[in-house]
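Colleague: The structure's right below; bear with me while I get my questions together.
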Amino acid sequence: MIVKMKFFTESAARCAARIGTLSEIERMPDLIFETPLLLIYTKRGCVPHLTKDVLKMVTTEQQFLSVSLPSTITMAEFVKQTPSFTDFVSMQEYPTFLSINDPAETTTSGHQEKHSISIWAKHGRHILSPDSYMDIVETFKPDMYVALCDGDTDEKSSAKRISKSIERSKTQLETCLLRHNSSNTIKSKGILGAIEGGYNLHARERCINYLKDKTLLGYVIDGLHKNGPQVQKINTDQIRNVIEHTINLLPTDKLRVSMGSWNPATLVDLIDMGVDVFDSSYAYLATEKATALTFLCDHQPTDNHHTSYVISVAEDKYADDFTPICKSCECLACQKYTRAYLHHLCHCKELLLLVLLMIHNTHYYLQFFKTIRKHIKEGTFKEFQKKIHLIYDKKEES
Amino acid sequence: MYLHSAYGLWNFMCFGLKYDKLCDKYPDYEKNNIQMSEKRPALIFKVITECQTTKARVGKMTVPHHTVDTPVFMPVGTKGTLKGILPEQLKQLNCQIILGNTYHLGTKPGIDILQKAGGLHKFMNWDRALLTDSGGFQMVSLLKFAEINEQGVKFISPYDDSECMLTPEYSIKIQNTIGADIIMQLDDVIKTTTTGTRVEEAMHRTTRWLDRCLSTHQKPNEQSIFPIMQGGLNAELRSESGLQLTQRKVNGYAIGGLSGGESKDDFWKMVNVSTNILPKDKPRYLMGVGFAVDLIVCSALGVDMFDCVFPTRTARFGCALVLTGQLNLKQGQYGNDTAPIDEFCNCSTCKTYSRAYLHQIVTMETVGCHLLSVHNIAFQMRLMQNIRESIKKGEFPQFVQQFMLKVYPTKEYPSWIVDALQAVNIYLA
Ligand SMILES: [Zn+2]
Ligand SMILES: [Zn+2]
């Protein structure tokens, strides 16, 4: 009898913030991850800017990694020489979730065919059929992955485009599921189905009706955006209808994943609507812009620097600011380094800037998720959600 | 912003020049020496073991921030950071002393910020030993119009074309603010291969500038000024330089004017001449040397301290140091190579990652550069540790022979290595 990855939640409410657990990962039977869960964003098999020993300075807790194809697909032939992707990149002790697109990179549109989709890696296009995709899955052996799908839609997509995306994703899922269930190497892994349909409620419904009867660990709510930094600008009003409609149709006992660099305000709303799993591309993109997240630091009214959502260390005012990014943050960057030093590193274009910012931003975002779970458990999530909106909306105005 | 902050510094430097002209009185060096005898000296050097065959020795050099085991290699953290490596990681690599560049630090963040930060140690979160150079070498090599006269190094500000001057006094003033444990005198830098009267002039001027540096030094209890031995490739001038410098009261010496394109024969002979003159009870620092065989040969010739940008610079281009040279991990041949960079290396990179994976990320991800930097620093640290241990065990000559055989398995040793080692009684057969 094979152990299968499990999702469990006590919450019976359909569209509300909920606590759940992910467990019985085949490779790591003792691990239990609580949801809402933040997957740590990786690129080419590493957390950007952080070597593994530094990652362990960021958090001593067990983490779940997100891996995406555009930065890893060219490694496939070499991964074959090793037992799995995590072996090849030396991240064996971390479970992984494999997604098709890179949440931090804007997806190159077009070139999707009925039986294949295109992945754009650094050196060009890769065409993936469900079978060639499943070959990669069997090589990589992620602990959780999404069936091949065409999520190349957003709010501007036409009805025709949406319809095609649904049809393709359906055909592709059929083949993937068949391969999944007949493969000894991966049948114990968690497979997710992608819910497509753009912003068309009826299309979403059609897609869910089809997926409902399949044996899946859960669903990826896909087709809302084309990844990359633009996702940060999406506010809840733009997606509320489609998310609520989608989640209301989903069974409550299945995992719900939403990839992308959602801003914290939209993210708490997604959690409030019942989404369970996210990735940390937001923290990575903040780092790439030389900014440090500070949106939870607003409880220090005496410090005017802390009123903003993020701080941009390049700004002149930090040149002689010998305080940490955030006084209450316990990360290595805040414990040992000052804004003045970060400012200096920024102006010298030194690599250590990105290391320190990534340490802070990753730590900070993980803390954010811890706080979210605590508030859900204690029944104070709604207040916390309001607080996050207050900070974020203020920034929007200014 | 960039221009603004840098511009501020150049003004300050030019101001420094006027200030130097106006004030002829500086805190008295004698007075500082009295203070020094009351407190712990800024540097204590103890020779622990001397090699019975060569001039190599193992020492402990205690400076205010750390006790450093010598012979030591000092990685270069030019602008108050070392190629994306955290100070926490450097400590794990057993790194005891690192180097900062005065010219760069004086430009960015500038001495105003460093002053406010309470020195470079605090600013960069490095609580072990630090060494800074004088800034002169960088100026002469980086700035087009740098020109040396008796007063100092004259240069045209790259920001506003104004004429500025780095004097010995101003170099020490900046280094006092940076606060490194060991600081360098400003020396009269000439091309290593220069010949004729200019070499002699530079040698004498360097001594005169040393006196100016010593008399302006504000923190003799916390920082040691190392004089820089000059004399180019002329053994007599070098001896004369050594003689002059050893008459001053200092805690250690740098051997300058080498590693700048001279022949290896000239190089080792000058190192040998230098260590013969310098007193045994003070540390000797050979500037700008960092290749493995050079480190071994010069340790045998009695050098205690080395620095070089090479190990971290080469990492940025995807190269990993190994005994026989370096591996360029960008090359396709490593794509399928599941071995670590060096199976005998115990650094976190070699214990964790394969060449095949490194091949995928070098020059693509900053992590690739960090991993190679970690290995390359570990390589240097381990080499120095092996040198120290073999000296302590009385096995240094054998260690040197075995090492050279590994590097040159066909025994086609370069003649300069054979000659240099023979000068200290090691024979390569
Ligand atoms: Zn922090
Ligand atoms: Zn190594």
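Cβ atoms here come from the backbone N, Cα and C positions, even for glycine.
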Colleague: Check TrEMBL: it lists B:ASP133, B:SER134, B:GLY135, B:GLY136, B:PHE137, B:ASP187, B:GLY257 as binding substrate. Then name which of B:GLN115, B:GLN151, B:GLN230, B:GLN244 it lists for that same site.
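Modeller: So, going by the record in TrEMBL, that would be B:GLN230.
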Colleague: Can you find which of B:HIS359, B:HIS370, B:HIS375 TrEMBL lists as binding Zn(2+) at the same site as B:CYS345, B:CYS347, B:CYS350?
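Modeller: That Zn(2+) site, as TrEMBL gives it, pairs B:CYS345, B:CYS347, B:CYS350 with B:HIS375.
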Colleague: In TrEMBL, one of B:52-56, B:62-66, B:87-91, B:312-316 is tagged region 'RNA binding'. Which stretch would that be?
Modeller: B:312-316
Colleague: Please identify the range among B:141-147, B:288-294, B:414-420 that TrEMBL labels region 'RNA binding'.
Modeller: B:288-294
Colleague: Please report the distance from the Cα of B:ASP133 (active site, proton acceptor) to the Cα of B:CYS345 (Zn(2+) binding site), rounded to the nearest angstrom.
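Modeller: Counting only the Cα atoms, the answer is 31 Å.
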Colleague: So if I exclude everything within five residues of the ends of the region 'RNA binding' (B:312-316), which remaining residues of that chain have a CB under 8 angstroms from its CBs? That is, six or more out.
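Modeller: Distal contacts: 75-76, 82-83, 85, 326, 369, 372-373, 375-377.
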Colleague: Fill in the CA-CA distance, B:HIS375 (Zn(2+) binding site) to B:ASP307 (active site, nucleophile), as an integer in Å.
Modeller: 17
Colleague: Give residue numbers and ranges for long-range contacts of the region 'RNA binding' (B:288-294): same chain, 6 or more residues beyond its ends, CB-CB under 8 A.
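Modeller: Sequence-distant neighbours of the region 'RNA binding' (B:288-294): 73, 258-260, 303, 306-311, 321, 323, 379-380, 383, 403-404, 407, 417.
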Colleague: Sorry to bug you, but what's the C-alpha spacing from B:ASP307 (active site, nucleophile) to B:CYS347 (Zn(2+) binding site), rounded to the closest Å?
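Modeller: Given the Cα positions, B:CYS347 (Zn(2+) binding site) is 20 Å from B:ASP307 (active site, nucleophile).
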Colleague: Least buried of the active-site residues B:ASP133, B:ASP307, going by other Cβ atoms within 10 Å?
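Modeller: Across B:ASP133, B:ASP307, these active-site residues, the one with fewest Cβ atoms within 10 Å is B:ASP307.
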Colleague: Does anything in the same chain, at least 6 positions from B:CYS345 (Zn(2+) binding site), have a Cβ under 8 Å from its Cβ, and if so what?
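Modeller: Long-range Cβ contacts: B:HIS375, B:ALA378, B:PHE379, B:ARG382.
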Colleague: Return the members of B:ASP133, B:CYS345, B:CYS350, B:HIS375 (the recorded positions) with CB less than 6 angstroms from at least one atom of ligand 2, or none.
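Modeller: Cβ under 6 Å from ligand 2: B:CYS345, B:CYS350, B:HIS375.
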Colleague: Give, as a single whole number between 0 and 100, the mean pLDDT over the domain 'tRNA-guanine(15) transglycosylase-like' (B:54-406).
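Modeller: It averages 96.
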